[in-house]
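Participant: Got these off TrEMBL a minute ago, pasting:
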ACT_SITE  72  active site, proton acceptor
BINDING   73, 76, 78, 80, 82  Ca(2+) binding site
BINDING   167  substrate binding site
BINDING   197  heme b binding site
DOMAIN    31-327  domain 'Plant heme peroxidase family profile'
SIGNAL    1-29  signal peptide
SITE      68  site 'Transition state stabilizer'
């Protein structure tokens, strides 16, 4: 019976994804394509998958780190791997200086493996996209799904672009909706992709405003008390400790647990709790909490959609040899 139920859920998920991707194709054409490297580097996606699996197996926190890198990349200048570029003497204020992210060494490791197989063929932007997809598979138990590719790497990276494009953790709901709309994403995508806050880490400085001087009344009181044992009051010299986004269940699993946490007031950010501030988004939250299979299908579609933001293709940009520097 359990096997039959699992098979049924899998079939429903596949049907949902197929229908959603078909609908998306009616409203948004993309220059990207599935199996872009089928002829030029047929082992590209398998190589990324194998190295990504090993990285996450050795450090389960890396699934969320790779997913977050992909989000930050796509929301700033489009999905062009500009988030990966190191400072230079001509440009000291690059994107990665704006916020502390993890996973850069992991991406370099994946890129080295791909370069060994197919030198100068696979872009860092596509490696980020494949690694995010594979993180959902490894850390979330998703069935593997197509991630269209053909992105090229950008040559520009500016710190100021991060400040102007990444949604703030203190954004109100309409600000979040507007921010996503500017990237071609809608309120459904906002709610769906927010599920990535079911895993990963954050610093106390991003949540202290909900704890001090008084606790945000929308936050579960027991949850807030537990957070206060980790996060010292600002100005007390306690530093800026790291928190797990999900303090209820496994913090390294991508799942619909985020929505159950949200319903019960056990989420970190103002921007998370804001999803309960309209009947439309709140209903989506409740539905996602109750139906993991449907949310997983929606997440796949939204991740692919996000991966098409302002991409460089054809002869635009370049294919970097090393992801942290532009080609000489």
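Yeah, the Cβs are placed from backbone N, Cα and C, and that goes for glycine too.
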Participant: So among 68, 72, 197, all listed as recorded positions, which is physically nearest to residue 82 (Ca(2+) binding site)? Use the C-alpha atoms.
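Facilitator: Looking at Cα distances from residue 82 (Ca(2+) binding site), the smallest one goes to 72.
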Participant: Neighbour count, 10 Å Cβ-Cβ cut-off, for residue 82 (Ca(2+) binding site): what number do you get?
Facilitator: 27
Participant: With a radius of 8 angstroms around the mean position of the C-beta atoms of 73, 76, 78, 80, 82, what other residues of the same chain does the Ca(2+) site pick up?
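Facilitator: Surrounding the site, in chain order, are 74, 75, 77, 79, 81, 83, 95, 125, 154, 157, 310.
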Participant: Among 68, 72, 167, 197, these being the recorded positions, pick the one whose CA is nearest to that of residue 80 (Ca(2+) binding site).
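Facilitator: It is 72, whose Cα lies nearest.
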Participant: In Å, rounded, how far does the Cα of residue 68 (site 'Transition state stabilizer') sit from the Cα of residue 76 (Ca(2+) binding site)?
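Facilitator: Spelling it out, the Cα of residue 68 (site 'Transition state stabilizer') and the Cα of residue 76 (Ca(2+) binding site) are 12 Å apart.
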Participant: As a test of reading the model: what is the averaged pLDDT for the domain 'Plant heme peroxidase family profile' (31-327)?
Facilitator: 97
Participant: For residue 197 (heme b binding site), what is the tally of other C-beta atoms lying within 10 angstroms of its C-beta?
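Facilitator: There are 24 of them.
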Participant: How big is the gap, in Å, between the Cα of residue 78 (Ca(2+) binding site) and that of the residue listed as 'active site, proton acceptor', rounded to a whole number?
Facilitator: 9
Participant: Taking the Cβ of residue 73 (Ca(2+) binding site) as reference, which residues of that chain separated by at least 6 in sequence fall under 8 Å from it?
Facilitator: 79, 80, 81, 82, 83, 84, 125, 128
Participant: Note down the number of other Cβ atoms within 10 Å of the Cβ of residue 76 (Ca(2+) binding site), including every protein chain shown.
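Facilitator: Result for residue 76 (Ca(2+) binding site): 26 other Cβ atoms within 10 Å.
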Participant: Could you check the recorded positions 68, 72, 78, 80, 167 and say which one's CB has the most other CB atoms within 10 Å?
Facilitator: 80
Participant: Sorry to bug you, but what's the C-alpha spacing from residue 197 (heme b binding site) to residue 72 (active site, proton acceptor), rounded to the closest Å?
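Facilitator: Answer for this pair: 14 Å between alpha carbons.
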Participant: Rounded to a whole angstrom, what is the C-alpha distance between the residue listed as 'heme b binding site' and residue 76 (Ca(2+) binding site)?
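Facilitator: Taking the Cα atoms only, the residue listed as 'heme b binding site' lies 19 Å from residue 76 (Ca(2+) binding site).
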Participant: Round to a whole number and give the Cα-to-Cα distance in Å for the pair residue 167 (substrate binding site) and residue 76 (Ca(2+) binding site).
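Facilitator: Counting only the Cα atoms, the answer is 11 Å.
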